[in-house]
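**Student:** Take a look at what TrEMBL says about it:
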- HIS111, HIS115, ASP339: Fe cation binding site (BINDING)
- LEU168, VAL169, SER170, GLY171, GLY172, ASP201, GLY214, GLU218, ASN311: substrate binding site (BINDING)
- 24-122: domain 'Gcp-like' (DOMAIN)
- 144-345: domain 'Gcp-like' (DOMAIN)
Amino acid sequence: MILSIESSCDDSSLALTRIIDKKLIYHIKISQDSEHSTYGGIVPEIASRLHAKRLPEILKKLKMFLNNDLSLIKAVAVTTRPGLSVTLIEGLMMAKTLCLGLQIPLICVNHLKGHIYSLCISKDFATDSAKDSRKNAPPPLLESHLKSHTESLLESRQNKQDSLGVLLVSGGHTQILQVNDFHHISIIAQSLDDSFGESFDKVAKHLNLGYPGGPQVERYAKNCEINQYKPYEFPIPLLHNKKLEFSFSGLKNAVRLAIQEMEQPLSLQDIASISKGFQNAACEHIVRKTRLFFQHFEGKYFAIVGGASANTYLRERMSELCNEFDKELYLADLEFCSDNAAMIGRVGVEHYLRDEFTPLLEAQIAPKSLKGDFVESATF
């Protein structure tokens, strides 16, 4: 089995994945939301110290699960990029220590590739998570459909129609990717500035909604719908720009200015109206750029991954768009949308089966993806 470690941001997570059938057999995760909520966002130094404390704690639980018998672990997979340097290093230090002690190889994993392979996680147990806030899981029929078909989508594709398009939306990234096989993933579009998920957190901070902000903004946006309030109208980013690229800094600033012009303190209706208006504009921006991608993308399959892909309204809008273009939509289980070691282990198995290991002395962290992680962008 593969032991995997995730510490790229504010989630401390470990997992065990069987090599023979690629099934997840153990997963534990501790989030740091409460520790960072006071600051309205992630404080890297605090996150690093919490990883240093919690990774050893959850490793003890993993060892108990294995009855302290680590002989079945054949390799350690760890997130080494992209992410916060001060948190990535905590995971890598643990990984190197385990590899030295057990005399097993190290697998360095790109966190973004992990999100793509979150589509393929198949469980053989009940997860052990310190915080499980996922409530909108896909229907059982859809879940079984994903598990039986998605893995084949990520195998080598000779036919362009079999390529998989992926929208990755998280706190650090907003990208459209094209997947042809494990080592042939192209970045088609990405944000020029802020990410989709980060913009939600910043808007929540302006509205004093706490951290993490995404679920709070979504909740108030839903409240706007229920009470039939009129959403605040914000400009859609890059409305007349026909390039495949995203931008959320202008929209975020528009929200800030709108709040400043309102009577303080804001009423609950004002907060709901701004939340709904912002969510509408942000998701419309995503939909418009993905529509531009679909006009040139020949593949039949499309997926949404990343922590921000849990947004219900975004899922609804993207489902409508996929129906419009006759694309088959795949969604990761909500449990595995946010950062987790299960997805890192799933990628780790693929590297293991290809004998792709990193010498301990050469293993390094990187805040961004490395040049060889993705192939050059396709032309659209």
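Keep in mind that glycine also has a Cβ here, set from the backbone N, Cα and C atoms.
What's the neighbourhood like for these features in this structure?
**Tutor:** Listed in sequence order, GLU6, SER8, CYS9, ASP10, ASP11, SER13, HIS111, GLY307 are the same-chain residues at least 6 apart in sequence whose CB falls under 8 Å from the CB of ASP339 (Fe cation binding site).
Sequence-distant neighbours of SER170 (substrate binding site) (same chain, 6+ apart, CB under 8 A from its CB) are HIS115, SER195, PHE196, GLY197, GLY306, GLY307, ALA308, SER309.
Sorting each residue of the domain 'Gcp-like' (24-122) by its DSSP state yields 55 helix, 20 strand, 24 coil.
Looking at the domain 'Gcp-like' (144-345) alone, the prediction's average pLDDT is 93.
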**Student:** Other Cβ atoms within 10 Å is the metric here; tell me which of the binding-site residues GLY172, GLY214 scores highest.
**Tutor:** GLY214
**Student:** Looking at substrate and its recorded binding residues LEU168, VAL169, SER170, GLY171, GLY172, ASP201, GLY214, GLU218, ASN311, figure out the farthest C-alpha pair and report it in angstrom, whole number.
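**Tutor:** Overall maximum Cα spacing for these binding residues reaches 18 Å.
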**Student:** Within 10 Å of each Cβ, count the other Cβ atoms and name the one among the binding-site residues HIS111, HIS115 with the highest count.
**Tutor:** HIS115
**Student:** With Cβ-Cβ distance below 8 Å and at least 6 positions apart along the chain, what are the contacts of ASN311 (substrate binding site)? List them in sequence order.
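**Tutor:** When sequence neighbours closer than 6 are ignored, ASN311 (substrate binding site) has VAL169, PHE200, GLY214, GLU218, GLN279, CYS283 within Cβ distance under 8 Å.
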**Student:** Determine the Cβ neighbour count for LEU168 (substrate binding site): the number of other Cβ atoms within 10 Å of its Cβ.
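**Tutor:** Its Cβ shell of radius 10 Å holds 24 other Cβ atoms.
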**Student:** Helix, strand or coil for LEU168 (substrate binding site)? Use DSSP.
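**Tutor:** Note: LEU168 (substrate binding site) is in a strand by DSSP.
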